Each structure stands twice: as structure tokens, then as C-alpha cells.
Amino acid sequence: MQICKKNVFLLYYGVLVFLSFQVSSSTDTISTNQPLSGFETIVSSGDIFELGLFTPTPDTYDHRNYYIGMWYRHVSPQTIVWVANRESPLGGDASTYLLKILDGNLILHDNISATRKSHTEGTSRRSPQKISEGNLLFHETVWSTGVNSSMSKDVQAVLFDSGNLVLRDGPNSSAAVLWQSFDHPSDTWLPGGKIRLGSQLFTSWESLIDPSPGRYSLEFDPKLHSLVTVWNRSKSYWSSGPLYDWLQSFKGFPELQGTKLSFTLNMDESYITFSVDPQSRYRLVMGVSGQFMLQVWHVDLQSWRVILSQPDNRCDVYNSCGSFGICNENREPPPCRCVPGFKREFSQGSDDSNDYSGGCKRETYLHCYKRNDEFLPIENMKLATDPTTASVLTSGTFRTCASRCVADCSCQAYANDGNKCLVWTKDAFNLQQLDANKGHTFFLRLASSNISTANNRKTEHSKGKSIVLPLVLASLVATAACFVGLYCCISSRIRRKKKQRDEKHSRELLEGGLIDDAGENMCYLNLHDIMVATNSFSRKKKLGEGGFGPVYKGKLPNGMEVAIKRLSKKSSQGLTEFKNEVVLIIKLQHKNLVRLLGYCVEGDEKLLIYEYMSNKSLDGLLFDSLKSRELDWETRMKIVNGTTRGLQYLHEYSRLRIIHRDLKASNILLDDEMNPKISDFGTARIFGCKQIDDSTQRIVGTFGYMSPEYALGGVISEKSDIYSFGVLLLEIISGKKATRFVHNDQKHSLIAYEWESWCETKGVSIIDEPMCCSYSLEEAMRCIHIALLCVQDHPKDRPMISQIVYMLSNDNTLPIPKQPTFSNVLNGDQQLDYVFSINEATQTELEAR
């Protein structure tokens with residue numbers, strides 16, 4: 001009987017919980033008797049918008065701030081469209097927060113216990129309210145709608161499907177509107193929202209994780225009857241022009257053809273609004289980058305797509321690089337850098353390497369009174385004639401302009417613009433770098449220590465030593481003559497022994513079973529034939545420079561065109577790597593692997609003869625602004641699929657399981673039909689059939705392409721190549737080079753840049769512009785998704801190459817990638833080759849045998 005009663009009680013309790021959940025999850029109203037507490041939310045009647053407590057940093061456990069905000073209910077990741085308490089974030093325990101109707105206002109309260117109060121600062125807005133269970137509670141108003149009190153007891157706050165939160169004087173739809181969120185926007189303009197001309201503005205977030213008001217805003221200029229974007233409430237840098245003409249221009253966008261997006265300008269009631277098809281989702285956002293963007297939600301792709309951004313050039317955003325910062329749109333992100341002699345000054349609380357809002361400050365202070373300052377010319381600059389920072393002298397030649405600045409210690413810089421002389425007596429803002437032979441020369445005042453005076457010192461030094469030099473030379477001639485003969489004898493003997501040793505190694509190579517005459521059309525060429533084929537390694541025959549030496553184009557006596565790789569004497573690749581590359585390519589035969597035709601080991605020279613690839617390496621096309629236009633979407637996918645097939649052969653289907661270890665764009669060669677072929681096997685490793693991973697003392701490869709476990713711990717596996725392939729795939733889709741991100745300047749790596757873009761727009765913004773409209777957006781998004789799966793930190797999280805081949809050829813659902821660790825890289829394609837000990841145990845590298 002007791003068990004039966006217990007079951008009935010549990011059933012009754014469960015029904016009550018279910019019914020209460022249904023009520024709380026379906027309500028769209030906050031009333032006097034129905035406040036919102038903790039993480040409770042209200043949802044618009046059409047299940048479109050949701051309002052409640054959120055945090056922009058859900059992954060942070062310490063110092064987490066909370067805000068009352070509104071977001072799309074079925075959009076992921078969470079997209080915030082309105083924030084109530086932008087300037088008053090909530091901290092501490094979220095369960096103490098209460099959003100309720102009080103005295104005709106919607107008010108956000110923070111009920112703080114006496115214990116918690118003792119650890120908080122400032123009590124000016126808190127007062128004892130009541131004693132509950134022995135704890136004294138303090139009551140704080142964090143945010144309020146701030147309207148005149150209403151005598152009605154039926155005041156309600158209702159969330160509508162338009163995204164408008166309305167405070168009205170009663171439950172009926174005809175009740176008077178006391179306040180609405182559309183009149184107090186944050187950074188987002190939603191369909192149906194009205195911009196009251198001359199009073200309302202949209203202000204960007206301070207950063208992607210900080211909703212507080214930022215530096216940029218969208219306002220209405222009543223004098224020009226146009227929308228303008230403004231920096232720091234003081235400097236406008238973009239204008240729509242006459243509003244009517246600007247609104248009409250939207251009809252010309254191909255992405256908007258067939259939609260019902262329309263703008264309405266009502267000058268009588270002084271507002272502007274826009275409407276869309278109820279089934280679609282559009283929004284206009286004032287972004288943290290200072291760009292005003294029109295975005296549409298793609299249901300199939302589950303991402304926001306930017307249709308329009310104004311201004312479309314990041315460098316047109318006023319002061320995007322701060323004081324004495326130079327903006328260059330053609331530069332790899334970030335587009336900002338400091339002028340010479342200056343260093344970046346971080347904004348308070350910011351450690352973002354892309355953030356130049358704090359501007360740049362001098363490395364060495366000026367000492368004008370000592371006449372120790374000089375002027376450094378910076379060419380091809382677009383100058384901003386801001387009247388607050390630059391004085392315009394309407395007359396005077398270039399020499400006059402320079403002399404005026406030199407004589408004035410407050411002059412920071414000058415420039416001559418035709419007949420005008422520009423003089424900066426304060427900080428210089430909005431400097432832009434243009435293409436060669438464009439713009440003007442900007443003369444920057446620097447301390448002498450920041451400008452090289454090596455030539456002057458060299459001249460003075462040469463004068464001082466002109467008397468001593470003949471005496472020194474005379475005393476050294478006799479000694480030098482004695483040493484020359486001795487040196488020639490010793491060096492000749494060393495060269496002779498080295499040649500004998502190398503020829504012995506060469507014979508070992510030929511006789512040791514690595515290469516046999518039954519090989520795949522392999523042949524040995526003597527050095528003389530190769531010299532003839534390359535015209536003595538002429539510059540005109542040079543195709544490029546690889547990690548281990550230059551590559552030349554040659555023509556054999558039988559008329560065949562070949563590519564000849566000449567191992568550099570300074571290269572870290574020795575005879576071991578040379579043997580490795582020869583044996584691997586001989587034993588590996590696949591249409592997506594480069595074919596080795598011959599070799600030469602003679603004296604100091606080690607050469608490999610490959611089949612000639614008319615389109616050279618992928619990096620020569622991909623990272624060239626003009627040549628990249630040849631790589632349309634179909635061609636890029638052909639390269640991606642061919643590379644995966646070649647890599648799958650190495651990992652799974654070849655006689656030897658091979659880990660390449662240096663997969664990158666410069667090691668992907670393209671034939672005349674753009675078929676990719678993987679090359680450069682000098683650093684490859686042979687794995688046993690059942691071997692999963694290996695360790696090495698010697699880390700070889702290229703910064704930016706190496707997996708974390710390999711670069712930091714020397715652990716090699718198939719997943720090391722998968723990581724490199726992920727970076728290569730990101731490069732192919734974005735057209736950006738992984739090794740352009742400099743570690744010393746603390747710039748983001750390519751992976752960090754791609755990850756942030758993927759989080760914001762599912763990666764749409766990173767797709768290479770030269771592809772124009774040739775690409776399939778869905779395929780591009782899928783490739784970016786696959787690439788991010790490949791560059792995950794842990795090898796076990798990365799897919800196998802066979803899984804990648806399947807992902808690229810199917811449209812099955814992909815797993816969600818984990819955020820990778822953002823690593824920085826060295827400047828340029830720098831080969832890494834160093835030795836370290838793992839757990840103090842000596843490891844040796846396997847050689848091909």
C-alpha cells in the first residue's frame with residue numbers, strides 16, 4: 001500500500017512539473033504576478049525570439065558577466081539582437097537576478113545576501129529590504145525602462161515575433177505603449193524597427209565578447225538626410241548619401257532578387273523602417289569592425305551570410321588602426337601595422353593581436369631641442385586631412401613645407417599634396433598604404449636612433465683609417481701569401497677525401513638494393529649531362545626554391561623536359577634524406593604522386609630528376625593575386641580531391657605506409673591539366689603495417705603546417721599529415737598563406753583567423769574573392785568544416801584520410817569541430833630542423849632500406 005501511494009505521489013508531482021514547464025516555456029509576457037528570475041526566459045508567440053539572461057563568454061568560469069538580452073530562438077550559435085543592461089553587466093550568482101514589473105516599469109533587480117554584500121564594492125543603490133531565514137537581503141536596481149509611473153496594475157512586458165519587447169498599460173493589444181525596445185536599439189536593426197530620424201542610433205559592441213557600447217555607431221544626419229557611420233561620436237567616415245537614392249540601390253543586389261525586402265522612408269513622421277518576407281530573416285548590424293552589414297540567415301547552411309557591408313573596405317573605417325597605425329587592405333589579417341619607430345599600444349584589458357584601437361606609441365622620445373631628430377619618408381600613403389590633427393598650409397613648395405616642420409618642435413610629420421602642405425602637430429590618424437606609385441610620401445619625425453645612419457658612420461670611419469690602412473696591408477701581404485699556399489693544399493686534400501666519401505656513398509646507394517636497374521624507368525645521369533640540360537644551372541632555367549634547394553627546368557638529350565632538384569650545400573637534407581626520397585618515390589607509383597626519372601650523386605652535388613610539371617607548384621598560383629584567378633572552384637576541388645587520393649595511397653594502399661611530414665602548397669605540383677602531384681619525400685617516414693605512431697628527436701617540416709603533438713613532442717602519425725592537409729585545405733579555400741603570420745608581432749595564425757570567421761559566419765567571409773561566383777557555397781562551407789576537423793588539437797579527434805575522402809564526396813552530417821589551440825608561426829616559409837630529447841631517451845630516425 002505504501003508503495004502504491006508513493007507511485008501516485010510521484011506521478012502527481014511529475015504532472016505538475018510538466019504542466020509548469022509548459023506554461024513557463026510558452027509564455028511571452030512578464031507581468032506583476034509573473035516576473036522572470038535566474039535563467040528563466042520568455043518566448044515570442046511564434047517561437048521566433050527569446051528573452052532572458054545570457055553571457056557572451058559561456059566558456060569562461062571566472063569573472064563571467066551576465067546580461068538581459070534577446071536572441072533568435074532557433075539560430076545557432078546564439079545571435080544576440082538586443083541587450084538591456086549594456087553598461088551595467090551583472091556578476092556573481094545569476095540566481096539572484098529578477099526582471100519584474102514595479103511601479104509601471106520593467107526593472108532588473110539584483111537581490112544580494114548580506115554575506116555576498118560584504119564582498120562587493122559600493123552600496124549606494126542598495127538598501128536593506130527584508131530578513132529571510134536569518135539573512136539580510138539588499139536590493140539593487142541594475143536597469144529600468146525609466147518611464148513615468150503608471151497607475152495601472154496591469155502593466156505588462158510582451159515579447160513579439162518582430163523582436164520588439166513592448167511595455168504596455170494593460171493586457172489588451174489596444175493598450176497604450178509605454179516603452180518598446182525598438183526605440184532603444186543596441187547594435188542590430190530588425191525588420192519593422194523604426195529609426196527615429198535625428199534621435200536614434202545603433203552602436204557596435206565593444207568587442208565580440210563585450211556588449212558594452214563600442215566606438216562605432218550608425219546615425220542619421222538631418223542636414224544631409226543620410227545615414228552615416230561615426231567613430232567615437234566625433235568623426236563620420238561613411239555616408240549613404242540621400243536616403244531615397246541609397247534605399248533604391250538595394251534593388252540592384254543579385255542576392256535580393258525575388259525577395260520582399262523593402263525600405264520605407266516617412267519624412268512626415270520622421271522615421272525609416274524596412275520589411276521582409278515573414279518566412280525569411282534579415283538584420284542590419286553595426287559590427288565591431290566599424291562596418292555596417294546587411295545579413296540574411298540561410299536555413300540550409302545554418303549560417304548568416306553578409307550581403308552588403310558599408311564601407312566595403314576595412315581601411316575606409318575611420319581610425320581602424322589607431323594613431324600612427326597604417327592600414328593596408330592587401331595585407332594578411334590584421335591589415336594594421338605601426339609606422340617605423342613606433343610600437344603597438346594595447347587597449348586597456350585587451351590582448352587581441354588584431355586590436356589596434358589603442359594606436360601606436362614612439363619607441364624613442366623626440367629631443368627636438370638637441371637637433372637629434374630626423375624625418376623618415378614613407379611612400380605610397382593615402383593621407384587623411386583631419387582638421388583636428390593636420391594643419392593645411394595652402395601655399396609653399398615642398399622645401400618650404402619641410403623647413404616649416406623642421407623649425408617647429410611640435411610638428412610630428414608633414415607631407416606635400418600638390419600645392420598644399422600638410423603638417424601634423426598631433427597624432428596622425430587614418431593612414432593608409434596604397435599600391436606602388438600611388439598616393440603621397442609621408443615624412444615622419446623620428447629620433448636619430450630610430451633611423452639608420454650606417455652610411456655616415458662608414459664614411460667617417462673610412463677617413464680615420466685611410467692613413468693606417470696602407471701600413472696594415474703592407475704588413476699582412478707577406479703573412480697572407482704564406483697562408484694561401486697552406487690553405488690551398490689543405491682544402492684540396494679535404495675536397496678530394498670528401499669526393500671519395502660521397503662517391504662511396506653513391507656506390508652504396510646503387511649497390512645496397514635501394515635502386516635497381518629493374519626500377520620504374522630509373523636512370524643515372526652524370527653531372528655533365530645535367531649541366532648541359534640546365535645551361536649550367538642558369539637563372540633563366542630556375543623554376544623555384546624548395547625547402548632543400550633550387551629546382552631547375554632541363555631538357556634531356558632525348559628531348560624530354562624534366563625538373564631537376566639540386567640539393568643545396570647549406571641544406572639540412574643530407575645523404576640520408578636523399579636516399580629516403582629516392583627509394584620512396586621509386587617504390588610509390590600513383591597518378592597523384594610525382595614521378596622520379598633519375599638521379600645523380602657526384603662530388604658535392606646531389607640531384608634528382610623528376611617529370612616536368614608545366615604549372616609548377618600550387619603556391620605559385622594560389623598566393624598570387626593575379627594568377628589565383630586561374631584557380632576557379634572546380635579547379636580547386638580537383639586539386640583537393642587529387643591530393644586526398646595521393647595521401648590516401650601513402651597512408652593505406654601503398655606497399656609502404658608513408659607519413660609525408662611536410663605536406664604544404666609548395667609541395668603540390670600541377671601538370672598541364674591541373675592534376676595535383678605530391679612531391680618532396682626527403683623527410684617522409686616509413687611505418688610498419690600495424691604501427692600507429694612513432695617519436696623522433698629531429699623535428700623537420702614547415703612552421704604553420706606541423707601538428708601540435710609533432711612540433712612540441714616529436715610524435716609522428718598519420719594524423720600529423722591530416723593536420724597539414726587541414727591547413728592546406730584552408731589555404732586553398734581562403735587563398736591566404738599559413739606562414740604569413742609573424743610570431744614576434746603576436747599576430748593570429750591562419751587557423752585562428754579561419755576559426756573566428758567560421759564562428760561568426762560559418763566561414764563565408766574567408767572564401768577567396770578571385771573565385772567570384774564560380775564556387776558552390778554549400779561545398780565551400782563543407783570544405784571549411786572538414787578543414788577545421790583536421791586541425792583539431794588531439795590526433796584522435798582528427799578524421800582518417802579515408803573518412804576525409806568520404807566526407808568530400810558525400811553530404812552526410814559532419815561532426816562539430818573543437819576549437820583548436822591558436823599557434824603562431826615564423827615569418828615566411830621557414831623550415832624547422834632541430835634536435836631535442838623526449839623523456840631523456842635518445843631516439844633515432846628510421847631510414848628507408
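If you go along the chain as it appears here, the first residue is 1 and each next one adds 1.
Using the three backbone atoms N, Cα and C, a Cβ is placed for every residue, glycine included.
Swiss-Prot lists 27-180 with the feature domain 'Bulb-type lectin'.
Residues or ranges marked as domain 'Protein kinase' by Swiss-Prot: 537-822.
Residues annotated as phosphoserine in Swiss-Prot, with similarity to another entry given as evidence: Ser571 (among others).
With helix defined as DSSP H, G or I and strand as E or B, the region 'CaM-binding' (626-643) counts 15 helix, 0 strand, 3 coil. The annotation region 'CaM-binding' is assigned in Swiss-Prot to 626-643.
Annotated active site, proton acceptor per Swiss-Prot: Asp662, in sequence order, evidence recorded as sequence analysis. When other Cβ atoms within 10 Å of the Cβ of Asp662 (active site, proton acceptor) are tallied across all protein chains shown, the result is 24.
Ser666 (phosphoserine) falls within a helical segment according to DSSP. The phosphoserine annotation in Swiss-Prot covers Ser666 (among others).
Annotation comment: Swiss-Prot describes Ser679 (among others) as phosphoserine. Cβ neighbours within 10 Å of Ser679 (phosphoserine), excluding its own Cβ and spanning all shown chains: 27.
Residues annotated as phosphothreonine in Swiss-Prot: Thr696 (among others).
The phosphoserine feature in Swiss-Prot is assigned to Ser837 (among others); the stated evidence is similarity to another entry.
What Swiss-Prot lists as phosphothreonine is Thr844 (among others).
Rounded to a whole value, the Cα-Cα separation of Ser666 (phosphoserine) and Ser679 (phosphoserine) is 9 Å. Secondary structure at Ser679 (phosphoserine), as computed by DSSP, is coil.
The separation of Ser679 (phosphoserine) from Asp662 (active site, proton acceptor), Cα to Cα, is 9 Å. Other Cβ atoms within 10 Å of the Cβ of Ser666 (phosphoserine) number 23 in total over all chains.
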